[in-house]
Amino acid sequence: YQPAPLSEKALPDTFVVQVSASYKVPVLYSVLPADGTGYFVIDSSTGIVRTKKNLKLEDFPVVFSVRATDSSNAHIFNEASVMVEVIDENDFPPFFPSSLLEERLEENLPAAQIVQLKAQDNDTGRNGLLTYGILSGDELKFRIDNATGVLYSTASFDYEEEPTEYQVVIYAEDDGIPEKKRGYCTVVIKIID
């Protein structure tokens, strides 16, 4: 048996799978002690397997055996394997080590790299995979590499003719399941004469 994966947040008593043995007389179902993890319990008459306690993602996948035993003769039985997988939920939003950065940019430079932004996410797998974008700011004057988090100017600035300070709000977004989460950072860019 390979039931649908469970959420790592599944509570005790969550339905996992129902096993079924065809036999001429009623059978009694049991989870073999070799399970060792203690995560699962089975209803001896229906074959319904449920969670017994909270799940720890790092322990999965778990494979355990269930036994169907002849209700009148304990020496007659058969066993089947059950493999249970757990889905890592998106627990944490991305975050930047500093939510406010100040950078200086000389005037009259051609398009240039301003700063490498690096967010972190305490999730693993796709829940920790980050992409970057600009939430607000002058998108005609700045761009961000969505994979690396490098913020660039896209044109040169004139200290005398244009604003001398810009604020660009950057986000890091994970690829989380069931929903994506974001973290934010403001970059203040001061144009230097």
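Just so it is clear, glycine is given a Cβ too, placed from its N, Cα and C backbone atoms.
Unlike curated records, TrEMBL annotations are generated automatically.
Feature annotation from TrEMBL assigns domain 'Cadherin' to 12-96, 97-193.
Summarising model confidence by region, the domain 'Cadherin' (97-193) averages a pLDDT of 93. Helix, strand and coil counts from DSSP across the domain 'Cadherin' (97-193) read 4 helix, 47 strand, 46 coil.
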